[in-house]
Structure formats: C-alpha cells, structure tokens
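According to TrEMBL, the domain 'Major facilitator superfamily (MFS) profile' annotation covers 85-512. What TrEMBL records for 86-107, 119-142, 154-175, 209-230, 236-257, 311-331, 401-418, 424-446, 458-478, 490-509 is transmembrane segment. Taken from TrEMBL, the feature region 'Disordered' covers 518-537.
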Amino acid sequence: MEEDLFQLKQLPVVKFRRTGESSRSDEDGISGEHEVHIEGVRTDLEPVELGDGAAVPKEFANPTDDTFMVEDAVEAIGFGKFQWKLSVITGLAWANAMEMMILSILAPQLHCEWRLPSWQVALLTSVVFVGMMSSSTLWGNISDQYGRKTGLKISVLWTLYYGILSGFAPIYSWILVLRGLVGFGIGGVPQSVTLYAEFLPMKARAKCILLIEVFWALGTVFEVLLAVVVMPTLGWRWLLILSALPLLLFAGLCFWLPESARYDVLSGNQEKALATLKRIATENGAPMPLGKLVISRQEDRGKMRDLFTPHFRWTTLLLWFIWFSNAFSYYGLVLLTTELFQAGDVCSISSRRQEVKAKCSLTCEYLTEEDYTDLLWTTLSEFPGVLVTLWIIDRIGRKKTMALSFLVFSFCSLLLFLCVGRNVLTVLLFIARAFISGGFQAAYVYTPEVYPTATRALGLGTCSGMARVGALITPFIAQVMLESSVYLTLVVYSSCCLLAALASCFLPIETKGRGLQESSHKEWGQEMVGRGSHSPG
C-alpha cells in the first residue's frame, strides 16, 4: 500500500488549454486551463509544452475532456500528409491566375486580328472584373449555405467550361460574353482559401495560406511561357483552351476533397464531421482526441447582417477598404508599369502620351519576344513578396504586415516623382509590386481567420467583391488621369495606400496566435485562445 502511494506521488500534474466549449461549468472555463489533481501529488511541475507543428502524444490526446471541438481535433492531429495533398489540389484551383494573365496577352492579339478599337479591347478586360465583382458575394453565400466543397467545385467547373468555350468564339460579342462568364466563375475560386484554412492547425495556417498563393504566381509565369510557345504556332484559341489545364486537373482530383468538418459541425452533421476528422488522423498517423464531438448547430448561416453585428461591423468596413485599396493599387501598378517602361521615366511620360494621341486607335502592334520577357520579369516580383510576407507575418502579426506593405508601396510611389533612370525605375516598381502583392496575401490570411465559420465564406466573398470594384476603377486613374497629370496619379495611389495602412492598424482584432471561431452567435474570443498563443488569455 505504501509503495502504491509512493508511486502516485511521483505522477505529474498535466495542464490542458481548452479552445472551445464543453459540458463543464462556467467557473471551470474562466481561466481556459484545467488541472487534474490527485491529493498528495506533487504540484510543482511545469505544464507539458509541444513543439511547433507537433501532434499531441497519444497518451495526452485529450484524456481529461469528455467533449472536444473541431479546433481541438485539428490542433491535436497537426499538419501531415492530408494537408500536403490538400495544398496541391486547392493550389490547382488557385492557379486560375492563368485566366487573368491571359488578358494582357489576348487583348493586343485580338486588337490586331479583329481590328478592334481601343475601347473594345479595354472592355474585354473590364467585363472579367465585372463578372468577378457580381459573383463573389453569391459564391460566398453558396459556400456558407451548402458547403465549401460544393461552392468551390461549381465555381471551378463553371470557369473551366466557359474558359474552354472561349477558344471557339467566332466573333467579338461572343468572346465578350464568354469572358464575362469566366469572370463570374473566377469570383468563387477564392473559396479554396476558406476550405483550406479550415483544415490547418493554428501555427501552420499563415505559412500554408501564403504558400498556396505561390500557385497564383506560378500560374502567371506558366501562362507567359505557354504564350511564348503556343502563340506563334497554334494561335490564341489554343492558348485559351490550354490555359484551362490546371482547372481541368482540379476537376479530375476534386472527388478526393472532403467537406470542411467545421461546416459539417455547424450544419449539424456530426457523424460526417467525425468521419472527416478520423480520415485526416488516419492519413497523418496521429491520434484522435477522446470524448464526444461538440455540435454548434447554426441554421442562419451566410447572412449579410452577421457581418455588421457590433463585434464585426468595423472589421467588415475596414477590410472592405483594405481589399479595395489592395486591388486598386496592385492592378494600377501593373498598368503604370507598361506606361513607365515605354516612356523611360516619369518625366518623359507626358511627351509620350502626346505622341500616342496622334496615332490612330486602330494602329496595332503584336507582342514581341521582348514584350514576353518583360511580362515574365514583372510577374517574377510576386515571389519575393511571398517570401517577405512569409517571414514577417507570424513575427509582427497580420495587421502590421498589411500596414507595412501599404507603407512601402506608398513610399516607392512617391520616389517615382524623381526623374530616375531605367534601372532605378525597375527596382522601385519591383519593390512596390512585391510589397503590394504581399499585402494582398496577408489579407487572404487575415480574412478567413477573423470571421466565424457561419459567415467565413461570405466575409471573404464580399471582400473579394470590393477588390474587384478597385480593379474596375483603377484604369480610369492609371490611364485616363495619367493623360492629364502623372504626378496627380501617383499622389492618388500613394494616398490610398497610406489610408489603407491606417485602416490595417485600426482593425479591432489581431488573429495571430488565435484559433478559428465557429459560431457567429458568440462574442469573438470566447473560444479562440489557441494552444500556441502566448498572449494573455
């Protein structure tokens, strides 16, 4: 008996940090930590600490809780083979950047081949953004109401179908309508980020979302390389058809995709959610938490009013402006880059605009090998943006990362006032594009993290829609206003990014080190303190 008592006294006290609800009393949940004590046992030992990305050991896999949430299971299972497969498949959907990059290649080709005036060429680009803007909120609502997998599959298959069909367009009006429908489908592809984020453990979430953004950059680079090979031999129709290749691969692999366990829990499908979690645990070779999965059923999902509750009103409004500024500045810089490179510097651009006015609007020039090389170099600036954002986002937080990106872009825009040479101009434009693309990527990390599962897809969809509004407006600044004053144009972009940097700082919630909220009926933070958070609870 004395020997047994001696052994009991050597047992450690294990502390567990909880991230969600349970059947315990409110008093137990005040601190967010629970201790299991055996009378007479030593209490001077430290809590168990896990390394970054480490799964919870089987002997400590939630042994004291009678219930667990999806957040608990995702953290316990950790990152593994399942998430790697998911990264590739959702990345294929994200490679739809090819459908966007093709606009800069298709427009001059049709301008020459069909003898289109300049306004019809510009409309071909604008109609894609109109389609994206009009559908983003709709796809978000579908994903919240009927599932992330459902919304993503339909949008990708829609984009694939009309993308291939565009290659057979006989006349301008046909390709205008078909590219508008392609844009309508592309508006739903960002929901791949929603699905992806809901399967990621907290410490890996930011890095992984940023890494699938690499597929966007790879898509743009692959489109330019494909155009170099296909355009001189097969023509633009085959380029349109072959550009749908990543989406075709996604369509063939999407049967593997599971529905989000977070969505299933919220819609009341406990058995389906549990089966999905067990499947992830099996593929990753990690233990499942013990106990019963908590159901947080919520019928009124995907409602616009939930974005404007007292807890989210300012977050939503500030995020809308941040997303608008991101797209407004990003696509504006893309348009300005062409003008500045052709003029040589800011000081020479006014005289060049006068020369262009004297030319007929039907004068056309096919893209040369040098043009494709310039396109390739400008798209490569996306990669440094990813690397910089990847390095700082978990160090200084999401809000400060976005603010820093906007500030650097604004500073580089102001430096363009100087009559610098071609080399310095290239460096400034490269840095500006790297940071504004990094700010865009940080917004893609922050937005799914800040909204609860019930409105996460809708929140991302409305933000994406506001970004398309910025993309629609920016040609009037980067092209129309540029004709009257290049300096006023630069001031507009610089001022917009300064305001966006302030908006980033004023966001009420920092999501670094936090879990994902499930229900929109709870105050933000009640179930959000993750296992890896070092901030006060």
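First residue shown is number 1, and so on along the chain.
Placed from the backbone N, Cα and C atoms, the Cβ positions cover glycine too.
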Segment-segment contact (the transmembrane segment (401-418); the transmembrane segment (154-175)) at 3 or more Cβ pairs under 8 Å: no
Paired segments the transmembrane segment (311-331) and the transmembrane segment (490-509) in contact, 3+ CB pairs under 8 A: yes
Range from 119-142, 209-230, 236-257, 458-478, 490-509 with most C-beta pairs under 8 A to the transmembrane segment (86-107): 209-230
For the domain 'Major facilitator superfamily (MFS) profile' (85-512), the mean pLDDT of the predicted model: 82
